[in-house]
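Novice: Could you have a look at this structure, given as structure tokens, before my questions?
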Amino acid sequence: MASATFSVAKPSLQGFSEFSGLRNSSALPFAKRSSSDEFVSFVSFQTSAMRSNGGYRKGVTEAKIKVAINGFGRIGRNFLRCWHGRKDSPLDVVVINDTGGVKQASHLLKYDSTLGIFDADVKPSGDSALSVDGKIIKIVSDRNPSNLPWGELGIDLVIEGTGVFVDRDGAGKHLQAGAKKVLITAPGKGDIPTYVVGVNAELYSHEDTIISNASCTTNCLAPFVKVLDQKFGIIKGTMTTTHSYTGDQRLLDASHRDLRRARAAALNIVPTSTGAAKAVALVLPNLKGKLNGIALRVPTPNVSVVDLVVQVSKKTFAEEVNAAFRDAAEKELKGILDVCDEPLVSVDFRCSDVSSTIDSSLTMVMGDDMVKVIAWYDNEWGYSQRVVDLADIVANNWK
């Protein structure tokens, strides 16, 4: 039997471009402040594209759409920070539904253990509103979406960030309350259309009243899986996401429907399920049944990393795989995919705007058809940037 060959990517080979650094939010006082105008401009161009006879044309938004945030937790607050950092946004956030009240909403938006202090003037405005750099955002509090004043406030789009109302019946309560559309910041259940920016968001139709932005892990996985499948043809594969713990876990051992997640999050590596790999088929239908995976929740508060191993139909080697990623990152996936040549660790990817960053030195090919790819992602900030992008697409295709 012939021995299998093994190749590991060497970033310095063949004149590959050097990693130019992560894009950091200006909201971070401790981060290196570099201009993200190129990123924002590119995304603005992408999200302003409208379908027209199978092609695209620049969209024009005559008026901002009114946006409500339902659930002001990790994603809700990250979304607001991301939106606040965008210039000329077609979105107007006018109300937040949060059971904690104005004082808590204001404090937790301003001071964040992961993001640091928000570089904005944030304060309560009376007993029922929040002020962010003078922008007044109303605060309401009701656990039943059907009771929310969306009709009275003229809400066009609800950012559903509770993680609870993820099916048509649940998310549909926002429509019953008078909202026109709902964007779920989690995997949707049932037949809810799922979109991943950079992968299939161009298929969005204004006729969709409830849509899903998929999960943070699917947003990381799908862009580079799309590249792998287009360039080399994926036969099958498995994925493991080493994922920071989330609010769904227990700080100390306590009851939970998942016995593993019942254990102390900061003390354990917690194996659990994830539908992220299978969900890729929702945005790349030709991969249905070809991918599966698990999650390992680890004692870090933010930033996660995907480890994908796939068998491909076209023979290849590590440098060729990385070259395909670099090409996509400079072209169709610019602002969505990045490639890193530096020997970094998880904290270095905090507040990275992109959906996934390929760790080029860890790309491997076993034999010539088994490919291993490692990709980093900020499971809160990067994901929230895509929620803003998808909301922009909704706004720029408004009729």
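Cβ coordinates are placed from backbone N, Cα and C, and glycine is handled just like the others.
According to Swiss-Prot, the protein carries these features:
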TRANSIT   1-48  transit peptide
BINDING   Arg74, Ile75, Asp98, Arg143, Asn379  NADP(+) binding site
ACT_SITE  Cys216  active site, nucleophile
SITE      His243  site 'Activates thiol group during catalysis'
Novice: What same-chain residues, at least 6 away in sequence, bring their CB to under 8 Å of the CB of Ile75 (NADP(+) binding site)?
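Specialist: Same-chain residues close to Ile75 (NADP(+) binding site) (Cβ under 8 Å, separated by 6 or more) are Gly161, Thr185, Glu380, Tyr383, Ser384, Val387.
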Novice: State the Cα to Cα distance, in Å, between His243 (site 'Activates thiol group during catalysis') and Asp98 (NADP(+) binding site), rounded to an integer.
Specialist: 26
Novice: What whole-number value in Å do you get for the largest C-alpha pair distance within Arg74, Ile75, Asp98, Arg143, Asn379, the residues recorded as binding NADP(+)?
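Specialist: Pairwise Cα check on Arg74, Ile75, Asp98, Arg143, Asn379 gives a maximum of 26 Å.
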Novice: By the count of other Cβ atoms within 10 Å, pick out the sparsest of the recorded positions Arg74, Arg143, His243.
Specialist: Arg143
Novice: List the binding-site residues among Arg74, Asp98, Arg143 whose C-alpha is within 10 Å of the C-alpha of Cys216 (active site, nucleophile), in sequence order, or say none.
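Specialist: Close binding-site residues: none.
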